[in-house]
Amino acid sequence: MLRNLLLLLLPLLIEAKLPPFFLGRLNGKTLLNHHLDRLTASDGASIQETYPNLQVHNFTQKLDHFDPYNTKTWNQKYFYNPVFSRNNSIIFLMIGGEGPENGKWAANPNVQYLQWAKEFGADVFDLEHRFFGDSWPIPDMQTSSLRYLTTQQALADLAFFIEFMNQQYGFKNPRWVTFGGSYPGSLAAWFRQKYPQLTVGSVASSAPVNLKLDFYEYAMVVEDDLRITDPKCAQATKDAFVQMQKLALTAEGRNSLNNHFNLQPPFDANTTKLDINNFFGNIFNTYQGMTQYTYDGQSNSTHSDKTVRKMCDIMTNATETDVVMRVENLFLWFNQMEPASANLTVMPNSYWDVISQVGSGDLNVLGPDGAAARGWMWLCCNEIGFLQTTNQGNNVFGTGVPLNLFIDMCTDMFGDSMKMSQIMGGNKKSQNYYGGADFYNATNVVLPNGSLDPWHALGTYGTIKSQSLLPYLINGTAHCGDMYPSYDGEPGSLLAARAFVKENVRQFIRYDPNVDGPGGSSSSASLFVVAYIVCGFLFV
């Protein structure tokens, strides 16, 4: 049960005490927007000052696409970039995800798909996800209101948006291609399943389509990455976690952990198993954050510094004989780039602080970061799962992050209507609806994944060339690595991967430079037909 007193905490406390990395995402931002903020750091100029041709609009969206008697509407935010348009009805749509959209994915000409937009003469849109950023179907996040925050409603939002834009901008024989990375990549993949008539293709980067509730495979891939980088790194990590778990068993040992990590609040005589699990979750977050970003093109730090290699250098530093001290050094180093609090030496250590911050349905109490974290947690608890545990048996991280930690979070954040049976039922229903990885079936979709990315374990890898269902595993890259600008010294596999994606986008839109290029006439573009295969799925 939530502690009512803690729900009165100010938004300032929310931003100060949420862990920087929460269920595979940076707090307050989608993974993509976090990366692009680093890539395009400026002197504080607004997005429209930096990109004056970028337009920001709202349009009238339906509240409930599946209840014909519900006529309520709301304003959904989108960005429109006409700079590359040659009026040939080629349209690229970036799908917004689990945080605010800031417009950079519609405007920054250096990201890969905007380079293709320039070459192909595409109009570009970026649609913000319902219940994130400035797009509020209902002006609160009470559990009763969040019934409208589902993947099916989000996909229907996309469909209604495309139909509306076709009319508003007068697109003739439109050739829409959707793009998304991470959770929006899942939406891009599922949109090709459920609404194939509205687009000619999708690029679903790092898209988890297998809706695992207990996502222990995440930790397995992190461990594999450590072993690939340096077998001694994996062993040092295991030794450290074994030692920390031993320390957690006694009052003296817990006091040692207090001193190592400057835990606030510290472990004391009232420490519970839940507190211990929460601590190990915070330690595991550091490994998650390092691995998920490794070698991507977001900034100089991820090119060569904020990498698995650097993490392993710290964990195998022979001059430091105390393996727990190595983990402390890793936390302090990571915390400089992703601060957990204003004091870079402090590790926030209160399970109930997180619950109080994300458990409120009041937007004024939540603040921007708390609202985004609550929305993401709802999606995970209510249907998509992705709960990142260390439940995989014998492993380097031990058993400190069990599924029950997240089940408790779901119940404590959303109430008694969100208990184990409801969580499992909602997850199974969505898995059956979309088919999971084994039964994913669509036409004209490219699904790139990075081999080092823990999320690739939930991808689909069954190629069907006849219907252009095209998974692509990129060796030596991590989360959404294919989407960023190229850089000197990047993994060599990215060059071929980007060329593969681009060529298939070209085929999806049936690009003809004689018609679609400069001086081409959109009126002479031929109407084409794409064959679609639609699968039926079992509803539970």
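Note that Cβ sites are derived from N, Cα and C of the backbone, with glycine treated the same way.
Features reported for this protein in Swiss-Prot:
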type	residues	note
ACT_SITE	S182	active site, charge relay system
ACT_SITE	D453	active site, charge relay system
ACT_SITE	H479	active site, charge relay system
CARBOHYD	N58	N-linked glycosylation site
CARBOHYD	N87	N-linked glycosylation site
CARBOHYD	N270	N-linked glycosylation site
CARBOHYD	N300	N-linked glycosylation site
CARBOHYD	N317	N-linked glycosylation site
CARBOHYD	N343	N-linked glycosylation site
CARBOHYD	N441	N-linked glycosylation site
CARBOHYD	N449	N-linked glycosylation site
CARBOHYD	N475	N-linked glycosylation site
SIGNAL	1-16	signal peptide
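Location within the structure of each feature annotated in Swiss-Prot.
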residue: N58; record: N-linked glycosylation site; Cβ within 10 Å: 13
residue: N87; record: N-linked glycosylation site; Cβ within 10 Å: 17
residue: N270; record: N-linked glycosylation site; Cβ within 10 Å: 7
residue: N317; record: N-linked glycosylation site; Cβ within 10 Å: 14
residue: N343; record: N-linked glycosylation site; Cβ within 10 Å: 13
residue: N441; record: N-linked glycosylation site; Cβ within 10 Å: 18
residue: N449; record: N-linked glycosylation site; Cβ within 10 Å: 30
residue: D453; record: active site, charge relay system; Cβ within 10 Å: 29
residue: N475; record: N-linked glycosylation site; Cβ within 10 Å: 13
residue: H479; record: active site, charge relay system; Cβ within 10 Å: 26
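Nearest in space to N441 (N-linked glycosylation site), taking C-alpha to C-alpha distance over the recorded positions N58, S182, H479, is S182. Distance noted between the C-alpha atoms of N475 (N-linked glycosylation site) and D453 (active site, charge relay system) is 10 Å.
Candidates N58, N87, N270, N317, H479 (recorded positions) were compared with S182 (active site, charge relay system); those inside 10 Å Cα-Cα are H479.
The subset of recorded positions (N58, N87, N270, N317, N343, D453) lying with their Cα within 10 Å of the Cα of H479 (active site, charge relay system) consists of D453, given in sequence order. N87 (N-linked glycosylation site) is 22 Å away from N58 (N-linked glycosylation site) when you measure Cα to Cα.
For the recorded site, N449 (N-linked glycosylation site), the DSSP three-state label reads strand. Counted within 10 Å of its Cβ, the other Cβ atoms near S182 (active site, charge relay system) come to 25, all protein chains included. In this structure, the C-alpha atom of N87 (N-linked glycosylation site) lies 32 angstrom from that of N449 (N-linked glycosylation site).
When the Cα of D453 (active site, charge relay system) is compared against those of the glycosylation sites N270, N317, N343, the shortest separation belongs to N317.
Between the CA atoms of N343 (N-linked glycosylation site) and N270 (N-linked glycosylation site) there is a gap of 25 Å, rounded to the nearest whole number. With respect to their backbone Cα atoms, N317 (N-linked glycosylation site) and N270 (N-linked glycosylation site) stand 35 Å from each other.
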